[in-house]
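Participant: Not my notes, these are from Swiss-Prot:
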type	residues	note
TRANSIT	1-42	transit peptide
MOD_RES	T86	phosphothreonine
TRANSMEM	147-167	transmembrane segment
TRANSMEM	291-311	transmembrane segment
BINDING	G374, P375, P376, G377, T378, G379, K380, T381	ATP binding site
REGION	600-622	region 'Disordered'
Amino acid sequence: MATFNVLCSNRFRFNGGYSPEKFNRKVSSRSSELNVCVSRIRTQSFSCRRLGGFMEIGETRLGVIRVHGDSRNRFSCNSEIKRLVTGDYGDKETRIGENGRNKGKRRRFSLRLRPRLRLVRMRLGRFDFRASMEDFRYFLKKNLKRVILSTGVALIFGLCYLFLRLTAVPSPSIVPYSDFVTNLRGGSVSKVLLEEGSRRIYYNTDENVEVVDDVHKSETLEDPAIQIDGGTVTEAVTKDDTPRKVRALPPVWKYVTRKVDHDEKFLLSLMREKGITYSSAPQSALMSMRTTLITIISLWIPLTPLMWLLYRQLSASNSPAKKRRSKNPTVGFDDVEGVDSAKDELVEIVSCLQGSINYKKLGARLPRGVLLVGPPGTGKTLLARAVAGEAGVPFFSVSASEFVELFVGRGAARIRDLFNAARKNSPSIIFIDELDAVGGKRGRSFNDERDQTLNQLLTEMDGFESDTKVIVIAATNRPEALDSALCRPGRFSRKVLVAEPDQEGRRKILAIHLRDVPLEEDAFLICDLVASLTPGFVGADLANIVNEAALLAARRGGEAVAREDIMEAIERAKFGINDKEARPRTLGNELSKMFPWMPSLARRNGPDQDGLQGPLGYQTLS
């Protein structure tokens with residue numbers, strides 16, 4: 001027994017437990033058209049009648065929307081969606097399962113789409129057109145050059161691409177020269193063109209002419225008198241009397257070859273013998289432009305980044321002649337201690353530049369150069385930084401190694417750029433650090449670049465324009481390696497020795513470095529103690545001791561730096577880290593000489609003295 005449900009387009013529903021026979025009899029009385037749907041399941045066939053339409057009041061024929069049959073053998077027959085009869089309610093097509101699967105899909109789609117639509121609506125609500133235009137205007141104003149350059153490059157590439165597309169012609173097949181001679185002897189060559197200025201030979205054969213004729217015949221022009229001239233646009237009429245525009249193409253050559261040198265006489269005699277039409281013509285201007293453009297695109301565009309990098313290396317934009325603009329607080333002469341004699345010399349020069357000392361009424365001239373000489377770490381660069389902070393004039397700071405380049409002549413060019421920039425901002429100061437890198441004695445090496453750079457420096461310091469207010473301050477720790485012409489009066493008129501500080505100088509230097517360091521004891525006592533324990537130390541060594549002491553205090557978790565941290569830092573600076581064999585003897589002897597009233601420290605390394613405290617209240621130094 002099977003159950004059938006019938007749904008018609010006028011919303012009339014047939015349902016109930018009808019057998020196929022009853023259903024067919026029920027429907028056949030009111031049906032105008034019957035179709036049969038046959039389905040197979042498990043080698044069994046089952047037939048069911050499908051209703052084509054109903055008659056209602058004898059006026060309208062209605063189409064069936066759906067017929068569904070279900071049997072006990074799990075057989076189901078769904079009629080296909082089809083408009084059977086045209087009527088008032090049967091004109092629209094309906095899909096099977098529209099109330100089932102499509103409804104679930106539509107619901108899932110709406111659940112996914114709703115939050116996205118809500119998010120888009122919120123963003124559109126917050127969108128401010130005026131603010132967007134202001135941002136766009138600011139972007140254009142800030143990046144106007146880049147936008148113009150990018151637009152121009154894109155436009156040029158677009159025009160080049162359009163030109164290449166419009167001027168594209170079919171390329172002929174390349175054949176050997178021997179094949180060309182063979183075709184000439186065989187008489188199959190119809191026309192030959194010798195291109196002037198090159199070795200290319202274009203030719204067509206008789207087979208090519210026939211193919212071309214067939215192509216023209218297929219077009220079947222009504223008026224044979226209408227010809228297509230080369231490079232002009234004419235009007236043609238086809239069989240259907242429809243006028244159309246035809247643009248003439250250049251002559252298409254099927255084959256091309258390259259002629260052999262000193263074979264022109266043989267080739268011309270052979271063509272004359274065979275009666276072949278030949279001619280010569282220069283390459284057209286359009287093709288020349290196309291060839292040039294292709295060469296530029298394929299050769300120069302890949303080289304453009306390399307040329308740009310090379311230009312940046314050779315240009316003055318990478319020059320060290322840049323005015324020093326430091327965002328950090330500048331260093332003054334109050335921050336320089338321990339080198340009083342050198343500081344006095346530089347203070348005098350700064351005063352002359354600022355106009356505090358009237359040196360002109362006495363007939364004096366500013367020294368052209370000041371050479372700071374001294375061991376490493378004595379504060380030569382710090383003095384130059386103090387000059388930059390106190391002078392109030394343009395200050396140019398460079399390193400001598402920046403003038404030595406791979407390319408010959410670039411060092412001299414950078415020297416010229418540096419002094420030109422200094423002259424434009426005169427009075428000004430130029431500081432050259434580590435002068436021995438470029439100012440070494442000439443003739444000791446084969447480096448011509450270094451010699452040319454030194455020659456340019458000598459010329460700039462004492463050349464024809466010697467009355468300009470440009471002072472050169474240089475620092476070196478190898479004065480014996482400098483060239484004698486560079487150290488003569490008139491170039492470096494003053495040679496200032498920046499020596500190692502004495503005990504009082506070390507105390508002043510320590511006082512400067514300990515200004516921002518919290519101490520457990522009095523800073524004056526610590527400064528005296530460290531200055532007395534560090535003979536021969538320079539400013540860089542003392543700054544390192546203070547920094548090491550602060551690091552040791554941070555390691556042990558202290559809130560301030562103690563004497564033990566400072567003494568440990570002194571031991572690290574003198575003897576290195578973990579060098580316990582050299583520490584006790586040397587430092588103990590020094591402390592015994594300093595404090596003779598204290599007990600002898602010779603026994604402090606004994607096994608019974610490990611827990612005792614050393615002098616000044618700190619633990620033993622081992």
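Backbone N, Cα and C atoms are what each Cβ position is placed from, and that goes for glycine too.
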Participant: Please list residues from the chain of G377 (ATP binding site) whose Cβ is under 8 angstroms from its Cβ, counting only those at least six apart in sequence.
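Facilitator: Listed in sequence order, they are V538, G539, A540, D541.
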Participant: Long-range neighbours only, meaning 6 or more apart in sequence with Cβ under 8 Å: which ones does G374 (ATP binding site) have?
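Facilitator: In sequence order, A342, K380, N477, L497, V498, A499 meet the Cβ cut-off.
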Participant: So of P375, P376, G379, which of the binding-site residues has the fewest other Cβ atoms within 10 Å around its own Cβ?
Facilitator: P376
Participant: Under 8 Å Cβ-Cβ from T378 (ATP binding site), six or more apart in the same chain: what's there?
Facilitator: V339, V498, A499, E500, P501, V538, G539, A540
Participant: Counting only other Cβ atoms and using a 10 Å cut-off, which of the binding-site residues K380, T381 scores lowest?
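Facilitator: So among K380, T381, the binding-site residues given, the one with the fewest Cβ atoms within 10 Å is T381.
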Participant: Around the recorded ATP site, report the further residues of that chain (criterion: Cβ within 8 Å of the mean position of the Cβ atoms of G374, P375, P376, G377, T378, G379, K380, T381; site residues excluded), sequence-ordered.
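Facilitator: Here the non-site neighbours turn out to be A475, N477, V498, V538, G539, A540.
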